[in-house]
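Here is what TrEMBL says about this protein:
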type	residues	note
DOMAIN	41-290	domain 'G-protein coupled receptors family 1 profile'
TRANSMEM	25-48	transmembrane segment
TRANSMEM	60-79	transmembrane segment
TRANSMEM	91-117	transmembrane segment
TRANSMEM	129-150	transmembrane segment
TRANSMEM	197-216	transmembrane segment
TRANSMEM	237-261	transmembrane segment
TRANSMEM	273-292	transmembrane segment
Amino acid sequence: MNENNETLSSGFTLMGLFTHDKGSGFFFGVICAIFFMAVIANGVMVLLINIDPHLHTPMYFLLSHLSLIDTLYISTIVPKMLVDYLMGQGTISFIACTAQCFLYMGFMGAEFFLLGLMAYDRYVAICNLLHYPVLISQRVCCMILASSWFGGALDSFLLTPITMSLPFCASHQINHFFCEAPTMLRLACGDKTAYETVMYVCCVAMLLIPFSVVTASYTRILITVHQMTSAEGRKKAFATCSSHMTVVTLFYGAALYTYMLPQSYHTPIKDKVFSAFYTILTPLLNPLIYSLRNRDVMGALKRVVARG
């Protein structure tokens, strides 16, 4: 009880993604650029899809919400990290740390499920085109979106209380750039069995199941594409699928390392690098790979600029 009271009053200290050395200014500039580019790119996607009637389709409806999640996701973590670097300190209160933990797990969980369901949407569009209006109706899209948010919220409500209710040891220094649940677990004392069991179950549901859906969907898509008679169409489809799979593998792979690999394989440096992949880099890559390279999106952007 005394340890918990001390934690509530003193909070934690985040060590950050990089130290104040000669190259830190360059890394700070890169992360600043990535953050603003990600926010702008995702914001443009949400705006275009909502105002252009040509993009009022199930695929772009789901993409607009992916962009929204990415914007909220990166904004939960990166601004605090950048301000800490400029201020030369990384203090964070217990309440702020709990809120950050709750929000990032909710947004991350929602994106895990949404990416899996978006892969299924593409599978139906390419492999079962005649049944697409029935299988992916507006009602189904709303159900997909609602289930994604519900899955993310469930993850937050399950894991955050368990993580933050554990008694923390004397050292409140978090060797990370945000309050990530596995890192918080390493600071905790006492029995962690309940937490580890719940986390494992959540990770199986939130990572392996959606990733299996993604893998199965794109495998069927690639088989269908391989059977196309048009060489140009086959080449274009392969290029699109490979770029999508690259981003999805990066996102899921980094999360699988963080949440499912035994602690003996983890080091603070590895944890920071892998976490940076799915918290900083992926929100920038998603709009570039999924949307801004798309001819329909670029056409919508040109129409909006012409009207302006």
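Just so you know, glycine gets a Cβ as well, placed from its N, Cα and C.
Source: prediction; values computed, not measured.
When each of 25-48, 197-216, 237-261 is checked for Cβ pairs under 8 Å to the transmembrane segment (91-117), 197-216 comes out on top. Looking just at the domain 'G-protein coupled receptors family 1 profile' (41-290), the mean pLDDT is 86.
Contact between the transmembrane segment (273-292) and the transmembrane segment (129-150) is not supported: fewer than 3 Cβ pairs lie under 8 Å, counting only residues 6 or more apart in sequence.
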